[in-house]
Amino acid sequence: MDKLSIREDNYNIKHKTISLNRASSVTRNLKGLLKFLGPAFVVSVAYIDPGNFATNISGGSSFNYNLIWVILWSNLMAIFLQTMSAKLGIATGCSLPEMCAKVFSKRANWIFWIVGELGAMATDLAEFIGGTLGLYLLFRIPMIYAGLLTGVLTFIIVYMEKYGQKMVETIIAALIAVICVAYTIELFLARPAWTQVGMHTLIPSLPNGEAVLIAVGMLGATVMPHVIYLHSELVQHRNTNSSDKEKLHHLKMEKIDILIAMNIAFVVNAAMVIVSAAVFFKHGIKVSTIEEAHRSLQPLLGNLSSGAFGIALLASGLSSSAVGTMAGQTIMKGFVNLSIPINLRRIITMLPALIIIALGINPMRVLVLSQVALSFILPFPIIQMLLIAGRKDLMGILVNKKFTKIVGFIIATMIILLNIILLYLTFTGQT
């Protein structure tokens with residue numbers, strides 16, 4: 001009997017030890033993962049910016065749940081390109097602009113810098129106006145004062161980088177969380193038809209010609225050029241740049257970071273379409289402006305819904321505007337090895353937006369024109385990245401494999417063609 005008791009005790013001790021070891025291993029793995037989380041959350045902000053609000057709301061209010069699949073495909077392409085950008089940064093120990101400076105001629109890099117800066121400024125213009133609109137809709141602050149306050153708030157976010165990149169990543173992740181909570185509230189209040197949501201997420205459909213136009217707008221303007229540049233820079237803060245084994249581990253962790261962050265962005269974008277379909281389409285309201293969407297939510301779903309919408313728009317505008325400023329710094333430093341104080345850059349980039357606000361120009365029109373500008377610029381970082389990431393002498397063990405090159409070429413061609421179509425439709429007045 002004593003021997004049996006001893007055996008049972010030994011068995012229990014052994015299994016408790018195994019359980020403790022497993023728990024300890026899970027804790028270690030989680031801590032290791034948390035150390036690498038952050039860069040993808042920063043760049044994911046570009047995929048839930050005020051421009052996305054406009055296109056997603058338009059798509060849902062016009063075509064019910066039919067265009068949710070566009071969000072899914074856009075997200076898959078974005079994951080692929082952001083992974084390649086991060087891989088380039090990890091493999092080379094340099095950002096994409098820095099690698100361009102090494103690979104291409106000085107004249108070419110000056111052109112790349114000008115084009116990249118224009119892209120960052122066009123993006124920042126849209127984000128800044130989105131943040132301003134958020135403040136205006138929430139607090140009815142006059143647009144010009146809301147613009148000045150947006151400038152101050154985004155400067156504070158960017159200034160926090162002084163205390164380390166992790167600080168900025170945490171602030172932006174918190175703002176993303178605010179957007180997620182706001183749209184969770186919206187979904188709860190909207191009560192969508194989930195069966196239709198699931199069907200239209202997986203089954204592509206384009207009811208008519210106008211749906212094609214909106215789908216092109218949603219898909220063609222999804223990938224933002226400035227965050228392709230920025231992602232390759234953000235991974236440097238965790239890049240030991242030593243052995244191939246460490247690079248492979250870093251890439252593995254960053255892929256997890258990208259999958260988590262980009263799928264959160266997918267859920268938020270899908271929620272925008274779903275809420276718009278469940279509320280506006282259901283009641284026969286075709287929404288064409290952000291202000292109209294905010295105004296229409298209140299009588300249909302109440303103050304909580306319109307308030308959540310305003311908060312989400314404000315958080316989106318502030319976070320994405322801050323990211324645009326960071327990207328501008330990366331672009332200038334990388335291509336031409338120049339830099340200006342972050343506060344001066346913030347002032348320079350906010351001036352065009354303040355002028356537009358002061359002149360009373362329609363913010364929705366500005367959002368459209370900024371997307372057009374980005375459409376011109378987008379091919380540059382994609383082609384640069386594909387050329388560099390395909391070179392074994394630069395990428396080493398992380399060089400793009402043949403299959404990755406083919407997929408990259410197909411995605412790049414598709415995005416560029418869609419943007420050309422979007423430009424044509426915009427200039428011919430069909431958007």
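Each Cβ is built from the backbone N, Cα and C atoms, and glycine gets one as well.
What Swiss-Prot says about this one:
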TRANSMEM  33-53  transmembrane segment
TRANSMEM  61-81  transmembrane segment
TRANSMEM  110-130  transmembrane segment
TRANSMEM  141-161  transmembrane segment
TRANSMEM  170-190  transmembrane segment
TRANSMEM  211-231  transmembrane segment
TRANSMEM  258-278  transmembrane segment
TRANSMEM  307-327  transmembrane segment
TRANSMEM  347-367  transmembrane segment
TRANSMEM  368-388  transmembrane segment
TRANSMEM  406-426  transmembrane segment
Restricting to CB pairs under 8 Å, which listed stretch, 33-53, 61-81, 211-231, 258-278, 347-367, is in contact most with the transmembrane segment (141-161)?
347-367
At a threshold of under 8 Å on Cβ distances, which of 61-81, 170-190, 307-327, 347-367, 368-388 pairs most often with the transmembrane segment (258-278)?
61-81
For the transmembrane segment (33-53), find every same-chain residue at least 6 residues outside the stretch whose CB is under 8 Å from a CB in it, and list them.
75, 78, 82, 86, 123, 126-127, 129-131, 133, 165-166, 168-170, 172-173, 175-176, 179, 221-222, 224, 226-227, 230-231, 234-235, 237-238, 250, 253-254, 256-258, 260-262, 264-265, 268-269, 272, 290, 293, 312-313, 316-317, 319-320, 323, 326, 367, 370-371
Within this structure, do the transmembrane segment (368-388) and the transmembrane segment (307-327) have 3 or more Cβ pairs under 8 angstroms, counting pairs 6 or more apart in sequence?
no
Short question: which residues 6 or more past the ends of the transmembrane segment (347-367) have a Cβ under 8 Å from it?
50-51, 54, 120-121, 124-126, 128-130, 132-133, 143-144, 147-148, 150-151, 154, 288-290, 324-325, 328
Would you kindly check 61-81, 110-130, 211-231 and say which stretch has the most C-beta pairs under 8 angstroms to the transmembrane segment (368-388)?
110-130
